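Colleague: Okay, these came from TrEMBL:
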ACT_SITE  Asp72  active site, nucleophile
ACT_SITE  Asp74  active site, proton donor
BINDING   Asp72, Asp357  Mg(2+) binding site
BINDING   Asp74  GMP binding site
Amino acid sequence: MASGQQSQGIGVAITKQIMKLDHVRFFFCVCNVSPSFSADLIPPGVCNLLNPSTIYANNEVDLDEVEIYGFDYDYTLALYSNTLDTMIYNTARDFLVKHYKYPEGISKYDYIPNFAARGLHYDIQKGLLMKIDAFHYIQLGTVYRGLNPVPDEEVLELYGGTNHVPLEEVSGFYGKGPVMKQFMDVFSIPEMTLLAAANDYFNSNDIEYDPGHLYKDVSDAIGMVHIKGYMYKWIMQDLEKYILRGDETYAVLHRLASHGKKLFLITNSPFSFVDKGMKYMVGKDWRDLFDIVIVQADKPHFFNSCGKPFRRLDSNGDLQWDKIKSLDKGQVYKQGNLFDFLRLTGWRGSKVLYFGDHLYSDLADLMLRHGWRTGAIVPELEVETRVVNTEQYAQGLTWLQALTGLLERMQMHRDPESKKVLQDWLKEREELRAVTKNLFNPHFGSIFRTCHNPTYFSRRLCRFSDVYMASISCLLNYDLSYTFYPRRTPLQHEAPLWMDQLCTGCMKTPFLEEMAHIR
């Protein structure tokens, strides 16, 4: 083919692609677009009927095989209002100023709701908060020094010309490496916000400081809120203000017990605190529902060390000195370890399903070392599901995928006109990514995805949990012999032809209507 004919052919190909894009763009931009047109333009894999009460499966789980259900307490059996985050932040901030003698100016920083997000990494020496994907790449545009974003060029310079963080620096098994700390539980939101505020104060006032010392002091100040019992006191003084959806916890536990399931509790919280909360949610006889109750367990050490023996508490909450030869219903135990727990109960393998909110402290050891089934509680699913259900998100994602596909197919065209079109598409793709990110959180986006890759949090969620859900009340929507089947996600070399690629989030709650009266 002559060069002129070849150039003309390329131009025609690009023109056809532009016409296709303009045709789709026209329907997206028309305000009074017919619903049928919108539905036709959104592929079947993008479903706006996701139900926030769905339980999502990473691994196949047959509930009929599960005989024993275990629970953490905080953010699993008991969900807390956002007011608690503000209280933790304010108290830790005041500790920082009064006890650690930090500048008074930090006291002027109020708590910023929805600034931070679970799963972020913090570079301890550089004082940077950021989101990292499953392949250890920093998502540019999500790096913050204090309360201000760090330009992409500066991020690349700080990390040696790349946005990749080596494995040994990202985190150890429990989320903390020599350089990075990953914040994995809901309680860590106030800590990240306080770190950002304190960093912002020092940077804004050109005060030299050591970010490593700041990290330790903020961590200690947050720890003091728990060690000194402030959080427990606030919640116990006003249960109605802080504890959410206790009636659903009641419904879940009674349903499991009435079907003959064994129940146990392993929590790091003290008994007096758990007892008051459970009486509020479930009733004064809540312990009758549980076969074993363990408090102040010191997780994750409870799951990976055999150093601490079980101690029994009497009715006054005082430690007893008798040797524990069995774990009995009606008793309350403190500390202990999983190895003695397994020896005394014989509860092993996939007949046990344990729920918790912290992927490392609650679930990792149980999944990888002991073979229990695990369920992750991810309250953020409710908010993120609402975003995914919006027309703006569905159309934006469809448009983004269309642009990506065109870029992939048309990138071989090298004439000036084609290059210009490709550059315009790349620019629009970046703009769409930013818009999509901001729908979830304007600073860090979704906790589950970077631009297109899963986040580091998502990777751990899939690795350490068989199933995950917004709250344990999602169990109310399923029969106790129900089997959860994960969607077969095609590998990159496989064609996406399976019917189960269609979104079934709206169909995986078979008993939703029957349980509606509980909500």
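A Cβ is built for glycine as well, from the same backbone N, Cα and C atoms used for every other residue.
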Colleague: Work out how many Å separate Asp72 (active site, nucleophile) and Asp357 (Mg(2+) binding site) at their Cα atoms, rounded off.
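Modeller: Cα of Asp72 (active site, nucleophile) to Cα of Asp357 (Mg(2+) binding site) measures 8 Å after rounding.
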Colleague: Report, in whole Å, the straight Cα-to-Cα distance of Asp357 (Mg(2+) binding site) from Asp74 (active site, proton donor).
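Modeller: With the alpha carbons as reference points, the distance is 8 Å.
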Colleague: If I restrict to non-local contacts, at least six residues apart, and a C-beta distance under 8 angstroms, what lies near Asp357 (Mg(2+) binding site) in its own chain?
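Modeller: The answer is Asp72, Asp74, Tyr75, Thr76, Asp185, Val186, Ala376, Ile377, Val378, Pro379.
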Colleague: Do you know which of the active-site residues Asp72, Asp74 has the most other C-beta atoms within 10 angstroms of its C-beta?
Modeller: Asp72
